[in-house]
Structures are given as C-alpha cells and as structure tokens.
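Below, the features straight out of TrEMBL:
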- 38-95: region 'Disordered' (REGION)
- 62-72: compositional bias 'Gly residues' (COMPBIAS)
- 105-125: transmembrane segment (TRANSMEM)
- 139-253: domain 'Phosphatidic acid phosphatase type 2/haloperoxidase' (DOMAIN)
- 209-229: transmembrane segment (TRANSMEM)
- 236-256: transmembrane segment (TRANSMEM)
- 268-287: transmembrane segment (TRANSMEM)
- 299-317: transmembrane segment (TRANSMEM)
- 337-356: transmembrane segment (TRANSMEM)
- 395-416: transmembrane segment (TRANSMEM)
Amino acid sequence: MAFCRRLARLAAHLQDPRKVAAFQRLCGVEGPSGWAEAEQRAGGRGQVVNGGPPAAERAGGRGHPAGNGTVPGGAAPPQRWRRRPRRNSLTEEDGSQEFSTRSRFLYYLFSLGTELGNELFYILFFPFCIWNLDAWLGRRLIIIWVWVMYLGQCTKDVIRWPRPASPPVVKLEVFYNSEYSMPSTHAMSGTAIPLALLLLSYGRWQYPLMFGLILAFCWCALVCCSRIYMGMHSILDVIAGFLYAILILVVFHPVVDLIDNFNLTYKYAPLIIISLHLALGIFSFTLDTWSTSRGDTAQILGCGAGVACGSHVNYVMGLKLDPLPDMLPLSLSSLTVTVFGKAILRLLVGVIVLLLTKVAMKKATIPLACKIFRIPHDDVRKARQRMEVELPYRYITYGMVGFSLMFIVPCLFHFIGLS
C-alpha cells in the first residue's frame, strides 16, 4: 500500500506542468510578459476537454476559445526572438500565441525531433527504405508502426488526460493540441521505429552494433525530449509512451514475420486486412468526440492496409522487391555516386507520385462522401470533422497512398528503368 502511494506521488510529480515549464526555461524558452500572473489567475479553471475550452467558458464565461490544456489570459508580446506555433487548419485554435527563445539551435534541433513523428518524415522515410534499401525491412517496420500508433491513439481517447496547462507551459506547437496527452504517440513512434529498425536489420545488414545502439538512443531521446520542449506533453506522458512502445514491440516483434507472410501469401489476405483495419477505424471513431486523433488513426490504418494489399499484389504478380537470399548480408560498402543518384531520383519521382495520389483521392473522396451521406460541403473543414466523411476520406486516400508505395510506384520504376 505504501509503495502504491509513493508510486502515485511520483506519477503526480512527473505530470506536473511546472516541470515542463522548467525544462523549457532551461532550454531558453520564455513566455510572454505577465506569464506568472496568468498562471495564478488560471488556478481556478475547470476541467479541460479534448479540443475545447475550460469548463467556465463552456458555461458562458467570457474570453476566447482555448485549445486542450490552454488557459486564456497570458498573451502579451514576447521580448526576444519571436515565433508562431504551426496551426492545424481543421481546428479553431487561435495559434497566435508568440514565444521567445534564447537558443535557435535548440529550437531547430527539437523541431527536427518533433518532425520525426510527423507525416512529412513518414512519407520520406518509409518510401526511401522500401525503394532504395530493403523492402523486406520496410514492410515489417510499417506493420509495427501501424500497431504502435493505433494502440497509442486509442489509449489517448480512453484515458483522456489533457495537455499540460498553459500557463505555466509555453505552447511552441498547437498542431495536435486538440488531442489528449497520455501517452505521447510521438514518443511511442520515436521509440518503436529505431528499436525495430535495429532488431530487424542487425544481422541482415552489416554494421557495428554500437552504431545501431547509438543511433536508436539518439533518435529516441531527441523525439522524447522534443515533446517536452514543445510543451505538448508532461514527463509522465513521454515515459509512458516510451514504455508502452517497448511493450508493444515485445509482443509484435516475434510475430511480425508471420503477419508479413500472411499478407503476402494468403489468398484472401486483402479482404481480411481491409475489413479488419476498417473495423478498427470505426471502433476508434466511437471513443470520443472529434479530434485530430481520429483522422490520424484512420490515416494510419488506411496506409497499413494499402501497403499490405500492395505487397500481396506484388507477390501474386511475381514483382520481386526483396533482395535475393544470396545477397545477404547487405552492405553499404558498394555505395557509388551512380547508385546514390538513382536512389535520390527514385525518392523524388516516387514521392511526387504519392503526393499526386493523395491530392487526387482527397479531391474525389470528400465530395463523394458528402454526397452519399447528404452532408453539406460548403464548409469543407466542418464536413471533414464528420465521421461519415473523415473515415472514408482518410482511409481510402491513405490506403491508395500505401498501395501506390508498394505496387504502383515500383511498377513505374520498372517501366522507366529506375528499378
């Protein structure tokens, strides 16, 4: 019993937003003038709901709407290098709170760490791995990534802990501010991807083990610390995300070969995969009211289903993307200027195709879903927040992106001589 009380006190200590604010100050981040007074005024606020303002404002209080974990009253011009948080176009959050920082290096370093858990990184990293390095490795990384992110997003909507209060925390990012906080899915992906990369590639690729360990540690540490620096997560959120990702990795790593083999060889695998991922998406959409978490979940599931279906079609048609067994273990020692140039060209051409696929499917699916379910689409932002629109739009769009990644783009490479 005493151990449980100590554990509860430790958890409360690690969840304290003042620890986040102290880390930000240590890194040179400062809020607007009057930040301390705003923190005192925020002492009596009500519970913060996902993506909504405090309870007092919902009951009719005055003031501008605030995002998850945001407290109004502390917006005054900062005195030093000014930046504005990146805003999500689907939310109504102001995003105009400026902040100042004494270290541009740390700001850009931790911004890089945050991007390692965002869509821009995924749409570059996974294609590069599949098209240029090892499709066998890339498929397995995506399988693990899908389950890590799905379970993390669903857990957020079950636990429903708000973001760290602001003030005292300075919000350097508001893009995912409408989501709940526990656990940090950035920390989960920043832990699972490098560790899975190490576990799956060591022995298959020739490199020093110490190099892999250092890379995994630096990758994980950078992503985890960036979420505290950005003011989006408490220390407890990040630790929980780290441990949760390891737990999921322990469960899924031993069976990832079976899952990939099923996706490739079983006759009815595409039907089962599409149905399963769609059912999981519908379940996640029932957990809570709208937030960016729901769309991201459908996006991840759609991408995973598309990659699995594309892999199956490759196998059926005999399109071999995996290195031949007699080429193992693989090595980077044969890297030449010509090989590097072709790799960059493949990445450039392939990503353009993926982006065009995304834009085309988005243009087609949103109006179609609105028409089928008779939802007005004069305001696209509001229409996209409806489950009947967002689930098929995200699922189909990113399903086609995943299918293009595994099948259409490799076929294009073969046709134009870039394979």
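Going from the start of the chain as shown, residues are counted 1 onward.
Note: Cβ is positioned from N, Cα and C throughout, glycine not excepted.
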At an 8 Å Cβ cut-off, counting only pairs 6 or more apart in sequence, do the transmembrane segment (337-356) and the transmembrane segment (268-287) clear the bar of 3 or more pairs?
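The transmembrane segment (268-287) and the transmembrane segment (337-356): touching, no.
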Do the transmembrane segment (209-229) and the transmembrane segment (105-125) share at least 3 Cβ pairs closer than 8 Å, excluding pairs fewer than 6 residues apart in sequence?
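As far as Cβ distances go (cut-off 8 Å, pairs 6 or more apart), the transmembrane segment (209-229) and the transmembrane segment (105-125) touch.
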Taking every residue in the domain 'Phosphatidic acid phosphatase type 2/haloperoxidase' (139-253), what is their average pLDDT?
88
How many helix, strand and coil residues does the domain 'Phosphatidic acid phosphatase type 2/haloperoxidase' (139-253) contain under DSSP?
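Summed over the domain 'Phosphatidic acid phosphatase type 2/haloperoxidase' (139-253), the classes give 78 helix, 3 strand, 34 coil.
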